[in-house]
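Visitor: Please see the structure below; I have some questions.
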Ligand SMILES: Nc1ccn([C@@H]2O[C@H](COP(=O)(O)OP(=O)(O)OP(=O)(O)O)[C@@H](O)[C@H]2O)c(=O)n1
Ligand SMILES: C[C@](O)(CO)[C@H](O)COP(=O)(O)O
């Protein structure tokens, strides 16, 4: 029975022995965190999780054993790391030598500092090496490139259509690139900036396959800033967050209780008003209405309307919260400050928070109730009235501001 040819054995080398001098940041850049995970952990995972890759080897600096162990934790297919050299070229050779005792058919050599490589690009790299022996991912150059001398004097302008900006992973038949590197090292050639250049130096035809613009190399501080932004949720993901404020005052009058923030408090005086005169809930209602730009409590519940005479103010706040829900939004936080000399608010604070939370249909941890006296100053200080100020934070579904 005919047998299908065995699948080629494919290994990846991640060169990670550099010091990241240009990036700065106090830690070699491959160990800095991006979106909560180190750059090296991300790069290792890209290759280790690719179904066509059999083994992944990291070339690291001799000082970085502990940092590597943390980055490599839980990553499959890793073979023990090896120490790199003083140049990228030397580190590449160290990796190739480490794989030589059990040589793969194809090797991909990748900068650990490129953590955004896609699985599709890895596939293209493997296919290119299988088809052509030595290949590098490249993109057409969109700037005009100048050749300059030591004085920054331009000495030439190569035709742009012949130029490609080259990335990693670079892919090779294993024997070809190992031999090229060994010959270059034996000839004292060092400092070639990519493995493709080593293959070229040794006289091998080298080909370019399609790279990808998102496969950036983290080189300087600006690259890290750009990369961090990729992990920062766009404003759209947060939704449309809005804040509204409210303020209300009711005069003190005859009575034996006050309603404040939905709680009935026995008191030697009352508050006058068309409804139950709950300044706290009124201020909160206005705050919620303000956050959606939908008028104020008087517009929704006119004092001239006898339906609201003596009404319990919880319906006002519930109505405003319902308007938020009708827009597909939610109340994230409500905060109110009561300004009064008496009654004392502290003993009722938790009951008020619970009541407001119940009316608004949110957790009590999303409600703040505070109080202050006015140090006997003004109408509050003279006990002629009680005031309340409030703020509401709400979240609405994101709509494109350009379109609205
Ligand atoms: N002696 C070296 C130098 C570089 N690299 C690796 O080669 C990749 C590309 O090199 P580069 O971006 O230049 O990294 P650094 O050498 O660390 O940067 P710098 O030149 O700013 O110090 C990096 O993953 C880096 O860790 C390496 O393995 N060994
Ligand atoms: C290999 C490389 O990423 C291809 O663009 C590049 O040459 C590495 O250069 P560096 O100076 O070592 O970052």
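Placement of Cβ uses the backbone N, Cα and C atoms for every residue, glycine included.
Remember, TrEMBL labels are computer predictions, not curated facts.
TrEMBL lists these features:
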type	residues	note
REGION	1-241	region '2-C-methyl-D-erythritol 4-phosphate cytidylyltransferase'
SITE	22	site 'Transition state stabilizer'
SITE	29	site 'Transition state stabilizer'
SITE	160	site 'Positions MEP for the nucleophilic attack'
SITE	217	site 'Positions MEP for the nucleophilic attack'
REGION	242-404	region '2-C-methyl-D-erythritol 2,4-cyclodiphosphate synthase'
DOMAIN	242-394	domain '2-C-methyl-D-erythritol 2,4-cyclodiphosphate synthase'
BINDING	248, 249, 250, 274, 275, 296, 297, 298, 372, 373, 374, 375, 379, 382	4-CDP-2-C-methyl-D-erythritol 2-phosphate binding site
BINDING	248, 250, 282	divalent metal cation binding site
SITE	274	site 'Transition state stabilizer'
SITE	373	site 'Transition state stabilizer'
Visitor: Out of 22, 217, 248, 372, 373, 374, which recorded positions have CB atoms lying under 6 Å from ligand 2?
Guide: 217
Visitor: Excluding 248, 250, 282, which residues of the same chain place their Cβ within 8 Å of the centroid of the Cβ atoms of the recorded divalent metal cation site?
Guide: 249, 273, 277, 278, 279, 280, 281, 283, 387, 388
Visitor: To the nearest whole angstrom, what is the C-alpha distance linking residue 373 (site 'Transition state stabilizer') and residue 248 (4-CDP-2-C-methyl-D-erythritol 2-phosphate binding site)?
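Guide: That separation, Cα to Cα, works out to 16 Å.
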Visitor: When DSSP states are folded down to helix, strand and coil, where does residue 373 (site 'Transition state stabilizer') land?
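Guide: Its secondary structure by DSSP: coil.
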Visitor: Through the lens of DSSP with three states only, how would you label residue 250 (4-CDP-2-C-methyl-D-erythritol 2-phosphate binding site)?
Guide: strand
Visitor: If I take the alpha carbons of residue 160 (site 'Positions MEP for the nucleophilic attack') and residue 297 (4-CDP-2-C-methyl-D-erythritol 2-phosphate binding site), what is the distance between them in whole Å?
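Guide: Distance between the two Cα atoms comes out at 66 Å.
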Visitor: Give the subset of the recorded positions 22, 160, 250, 282, 372 lying near ligand 1, defined as CB under 6 A from any of its atoms.
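Guide: Close enough to ligand 1 are 22.
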Visitor: Based on DSSP, name the secondary structure state of residue 274 (site 'Transition state stabilizer'): helix, strand or coil.
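Guide: Its secondary structure by DSSP: coil.
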Visitor: Please list, in sequence order, the residues in the chain of residue 379 (4-CDP-2-C-methyl-D-erythritol 2-phosphate binding site) that are at least six apart in sequence and whose C-beta is under 8 Å away from its C-beta.
Guide: 249, 385
